[in-house]
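Per Swiss-Prot, these features apply:
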DOMAIN    30-318  domain 'Protein kinase'
BINDING   VAL36, GLY37, PHE38, GLY39, ALA40, CYS41, GLY42, THR43, VAL44, LYS59  ATP binding site
ACT_SITE  ASP156  active site, proton acceptor
MOD_RES   SER186  phosphoserine
MOD_RES   SER187  phosphoserine
MOD_RES   THR190  phosphothreonine
MOD_RES   TYR192  phosphotyrosine
Amino acid sequence: MTQLVPLAELPSGKKIYSVRGQRFEVDRQYDLVKVVGFGACGTVCSAVVNGSGERVAIKRLSRVFGDLREGKRILREMEIMTSLKHNNLIRLHHFMRPQSKETFEDIYLVMDLYDTDLNRIIRSRQKLTDEHLQYFMIQAFRGLHYLHSAKVMHRDLKPSNLLVNADCALAICDFGLARDDQVMSSSDLTQYVVTRWYRPPEVLGMGSNQYTSAVDVWSLGLIFAELMVGRALLPGTDYIGQLVMIVNLLGSPSIDDMEFLSSEAKAFILSQPHRPALSFRDLFPMATEEATDLLSKLLVFHPARRLTAKQVMEHPYFSKYRDAAEEADAPDPFVWNHSHIETKEQLREDLWRVVEAHSQLNE
């Protein structure tokens, strides 16, 4: 495999690469191999550790002080990764220590490297057995239960955020949108929300204030369905279209089931023709009865009536893969200690403290 070639090596020992036209600066013991992921929030490269040959992923979070809200989001992601340790959550090795507190603009995370993700597996159209589905989904719900028991909700679960190795080991990644597990106001999700196809009714409710950890259960339910059929189950093109697709699938909700929606969302649904619920047994004829029974308890219109992640793991569908040690609660709730940040100077100080505390020098 052709590796990326460094452009220069600084006296400090840092290697400089050009990755997708941007400067990528890593410690001398790492050789970058290739880009494995990129987006608005950062770029991820695979790398090899000199000497040991260990393969890792290095994520560059760029221009962390460009926007205060975005910087606080990045800080939250970093704090969650340093605080929560579980086999089904991506493991952070350490942060690379910048040369100067006063001048650093980017943050580099060294993490476990995975071979692929569920999005690539689904798009490859490779044949998945029911055992594959059981094993993937029990791991996803183990990781999710651990997050929820730490009072954190992910809020952006989608197939590309579920990483997979050749041995089918799975880990949840990308905690950039994660928040404390509490009822959120609609304004909290205005800028950052679950990718549309995986949004539950309460996020599409146009004014609903009932955002809880149940949003993650809905998202994993849709991923489960996607694994069954090899395509997105609800590929809506906008908010209204997404809500219509949900109603077409689950049937027209009762007045009680719409109690969490805004008046506008309720009025829209009531203006539509009444729809009966579709049969999951007919929609997924290849699936077992236990699989469709579980799915029917995940894709529930009212968030309070969905199973919790803990209840999901107790479902008979997963009886073969139950493991009490992997299903334990987090020892402590996640605590966000940075509510005081109101300036970029305060953000710089707190980011530096976290990076220093978890840099390789302090491992």
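Placement of Cβ uses the backbone N, Cα and C atoms for every residue, glycine included.
Everything Swiss-Prot records as a feature, shown here on the structure.
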{"residue": "VAL36", "record": "ATP binding site", "DSSP class": "strand"}
{"residue": "GLY42", "record": "ATP binding site", "DSSP class": "strand"}
{"residue": "ASP156", "record": "active site, proton acceptor", "DSSP class": "coil"}
Nonlocal neighbours by CB distance (under 8 Å) for VAL36 (ATP binding site), same chain, sequence gap 6 or more:
VAL44, CYS45, SER46, ALA57, LEU113
Let me know the model's mean pLDDT on the domain 'Protein kinase' (30-318).
90
Measuring Cα to Cα, how many Å separate PHE38 (ATP binding site) from the residue listed as 'active site, proton acceptor'?
16
Can you tell me the CA-to-CA distance separating the residue listed as 'active site, proton acceptor' and GLY42 (ATP binding site), as a whole number of Å?
16
With an 8 Å cut-off on Cβ-Cβ distance and a minimum sequence separation of at least 6, pull the same-chain contacts of GLY42 (ATP binding site), or say none.
LYS59, ARG60, LEU61, SER62
